[in-house]
Amino acid sequence: MSAPILQVSDLRVTFDVPVRGGWPWTPPRKLQAVGGISFDLRPGEVLGVVGESGSGKSTLARAIIGTVPSSGRVVFDGQDLGNLVPGARRSRRRDIQMIFQDPLAALNPRMTVGDIIAEPLVTHHPKTPRAEVRRRVAEIMDRVGLLPNLMNRYPHEFSGGQCQRIGIARALILRPKLLICDEPVSALDVSVQAQVVNLLRELRRELGIAMIFIAHDLSVVRHISDRVMVMYLGRLMETATAKAIVETPRHPYTQFLIASVPIPDPELERARPRPVLEGDLPSPLAPPSGCVFRTRCPKARERCAQEPPPAYDVGPAHRATCHYWDEPTPMLEAAE
Amino acid sequence: MALTDPATEASRTATRPEKGRSLWTDARRRFLRNRAATAALAVLVLIAIFAFGGGFVAQYERDYVDFTLIGINASKGVPSFETGHYFGTDAEGRDLFARTVQGTRLSLLIGIVGSLVAVVVGTLYGAISGYLGGRVDSVMMRIVDILMSIPFMFVLILLLVIFGRSLLMLFIGIGLISWLGMARIARGQTLTIKNKEFVEAAIATGVRPLTIILRHIVPNLLGIVVVYATLLIPEMIIYESFISFLGLGVQEPNTSLGSLISSGASQVLNGGGEPWQLYFPLFFFVATLFAFFFVGDGLRDALDPKDR
């Protein structure tokens, strides 16, 4: 097994929320968006991150690329990104690129597509001759399935799926070692989603890039990932191989997520029991004590409110953050 | 190589890049479809031709005093093609056409210089303040607030009195205040743009902050900046005219629309029979302002089609 390309340990992101109606010197309230996430990523591996809205997935991505301040360690390719001076950190960014959720919003409306795709290249290799820049832009556009003769067009002239391909081309032009995809398909039509996911799979196979693939839809993540990480309220709930997550989920939250994935057959879908997770995500300003999932967990007991569960090893490379991972989940049992 | 789109096959044959339709091209089309704005733009072009080319048509220098007309101005100094005084003469017997040409030119220059300072200084100041945010933003914006709270007309008059009346002083005075409003507008707009994902994408790529401001923020600000700048030009012209009307503006033999209107108005008020001395400069003043306002409105409609 090769050395991990990315090591994240105890990553925390805390935002200050100003108290409404307070004085300027009133201490702001703390919102912990990501609370102590650790994981390793090997070269060429795809890590899926799932969780509902507000679970801190996007914040995790932004903390890794460094656009939000965070504490904890992010070691990329043997270098601690937190210790770098801004200039060195900027040049490090060549190897970590990101794809965004809203394909059109991620493209500057005043720039041509060719200029957008060329931006990372021009930023990190400013002396590249213009003809060479154009050649490489055309090459990468061709590779992601865009006509290179569209490079003088503007983003608003493209469809959502094409815009996402432009975003992918921009992210790949420098051959990064790590690609972070922040819900790259959730703004797209289902048919286009499949095209984009397949494109990402092909590119990964060809180029051997490691990826962090964020989505709230487990069925998409399962399709592309080697390993899946389930997040809830900024905490890690369960991590395992994609196969193990789907077949033997141990954490009650993961079990609910798996049970909520629709079956693409109307008859089966109508007949199948649908356990629903009660209640809403608690406010991250006042997270529940102990286990953060206990307010919605059918297995919650006294102990869950008192001690936050550690990550139990529940199988090969499979860890779940639940005290009672080895007991059946009542509501799911009843539904079956 | 893996291909997902069959259209890529076509790319081998069609390699010549197509021309894109930028947001600016769209805006130009929308602007030209707006009749009032296009007409106003044509008027502005005519006024500019008059202001910068009228000197070649004038039969007299602007400071040449026609002594033969003194005293009989009301009867002999009337606008006429025969004498070459197309707009008549002023109270001192000088050719009003030449003076109106020069006054219009000066007013346009004041407006354009004030506006240019606003565009360059105000936009950059606002964009930097908004982009950096936090404490830097607070300090930079408080400076603007303080400068704005100083009664500007008062300071400008003091400047002109202390340092003497000169064109340079007038330009400096107008330039000093014109960018404040622009800085606020640019900052407000930057705050919304900097949270867009394309700015985040640029940060994630490793683009330098100054390059982000110049490449990603400012071009997206320009729409609103252009509109505000066009509306700022008439405001600057009005300021200058007011100063000149008070007698503190440009010095003889230079003149501006404000001082021409001032002297014309006093002639009319004193019951003189030379109303043309008011009407010609006033016509150019009003026409210029109207044209700028219409063009500004047209630009606003063309550049933000959503907010109409």
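Even glycines carry a Cβ here, placed using N, Cα and C.
What TrEMBL says about this protein:
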type     : residues  : note
DOMAIN   : B:104-295 : domain 'ABC transmembrane type-1'
TRANSMEM : B:36-58   : transmembrane segment
TRANSMEM : B:106-127 : transmembrane segment
TRANSMEM : B:139-162 : transmembrane segment
TRANSMEM : B:168-186 : transmembrane segment
TRANSMEM : B:217-239 : transmembrane segment
TRANSMEM : B:278-299 : transmembrane segment
Spatial neighbours of the transmembrane segment (B:139-162) far in sequence, C-beta under 8 Å, 6+ residues away: 125, 128-129, 169-170, 172-174, 177, 180-181, 183-184, 187, 239, 242-243, 246, 248-249
Close approaches to the transmembrane segment (B:106-127) from elsewhere in its chain (Cβ under 8 angstroms; 6 or more beyond its ends): 47-48, 51, 140, 144, 167, 170-171, 174-175, 178-190, 213, 217-218, 221-222, 225, 228-230, 232-234, 236-237, 239-241, 250, 254-258, 285, 288, 292
Distant-in-sequence neighbours of the transmembrane segment (B:36-58), which means Cβ under 8 A and at least six residues beyond its ends: 86, 95, 97-98, 100-102, 104-105, 108, 284, 287-288, 290-295, 297-299, 301-302
